[in-house]
């Protein structure tokens, strides 16, 4: 700031004459000194006000700079603020001029203001005005900042607003580039460090390369996928190894013979019974005999050979038999003791059972759709892997080669209907490991590890051929592929790093619009990439060379509401079958994801990260407003408003200040 107050005439003193003229001259000088002090005080007061107005003008002008530099609009804002802050009438000033300009396309605004302050006393000496001038400048300066952009990259971003114009994804790309340019101007010529991270999200999240580069063991080695396998005709090859089992039993008892035990004739039954000996126990009679039956095929299709070992046993049982003797005119009744000779067989059956062994024949007869376990060690290493999950024109199995795009399936979660966050306790329920922002996986516990999402082997089960109706059966003969059309992977995420203009532009141009809207996935991985305490803390906490503090910002941009889908393959599998979020494959799916989203928003803000939210071509819902930090939410209905939102955030990321 420079100030100049200039008097326009000088006083000349005549040194010849008498004492009276000299006295009169002294009075004039004294009056001049007093008057000069009064008028100089008025001039300095006007100068102070002029400086404040000049500063206000260049600050307003710098704040109004958008993508077109210091244009007429920005100049108008600068002049308007100057005029509002300098009242020429109150300062008794005339000829006030304020001239703002910029030599660096709007990054620094310079101003010069001048005015003429009317004198009060010095007019009698011919000094009617005092000229006052000031200079000022304002620039946007950025300190060390980390900016993570969490960007809705769903299919609707490929739509146009209205019937014509650019697609929303193109509008986003342009707004991102202008954001970069604005921030870059602010750091030009300084030692400030600005880093950028990106998390494009849809129904999945592309962070596989980041995880693998950090630690390959953070990804599982094998994984269950809703898939299919070819079903071939079964041809008998041989009988399998025998399995043996035993069964014991006995035959029914038979009376082999009956004979008199004694010849004594007893008059009554009781006397006869009293003479009987005790029955004998079963005793083996002779040796065992062995016989073999089979082999023969039973009703279950098994080959059975039965070896039977038989042991005959006998015993004696005593009883009384009533008899008669005499002639037709005379009859005699008596009782005789008899012995009954019993026999039976004890059997020990040894079964030799062999199952048939079938091999696949050359003819495929169909497909079996079910949950299958895959070895993903090569796939997660981004190697090309071949699986027999494709089919030709006739529906027969063919090899399919696939290479991981990088989208992941989340680690273990719980199907809770509500989630919560407290700074002291973190996110609850605590066993929802997928929502744990900071915890690193345990290589020995698959529940804590992530898995590669494998679209090429993923299939959903249907009730019949060429049907979209899903079946809840664990196994089906019918199904549909998830890719294409039901499995989506956005562009890869990026960790925090400084970027050249070309690198930033290239990234913005690489964004694609696919899939459904899962806000919780975006905010989750935005948090993981930004967290100073998380799995990428070594990157986040890298100290800038200038030794200054780092401000952290997250920009969350979406063009719509949460739209999960139970049929698509997402980072939570195919929800209809995997049931990781709902528990039953459907209930309150949107509400559950929304609860996760809002909980994660609170966790992000608790880390000291300013969370900006832009609702693009959609309403700023209560959920989006609640997600944002205070005074950090914007709506944008077209490209200009989207660009304005990004520019306003850029100004907040930067520091607007007077520099001269």
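Every residue gets a Cβ built from N, Cα and C, even glycine.
Please treat TrEMBL annotations as automatic predictions, because they have not gone through curation.
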Exercise. In TrEMBL, which of 20-38, 39-57 is labelled transmembrane segment?
Worked result: 20-38
Problem set entry | Tertiary contacts of the compositional bias 'Basic and acidic residues' (263-272), as residues 6+ beyond its ends and Cβ separation under 8 Å | 320, 322-323, 334-337
Problem set entry | Per-state residue totals over the compositional bias 'Basic and acidic residues' (263-272) - DSSP helix, strand, coil | 4 helix, 1 strand, 5 coil
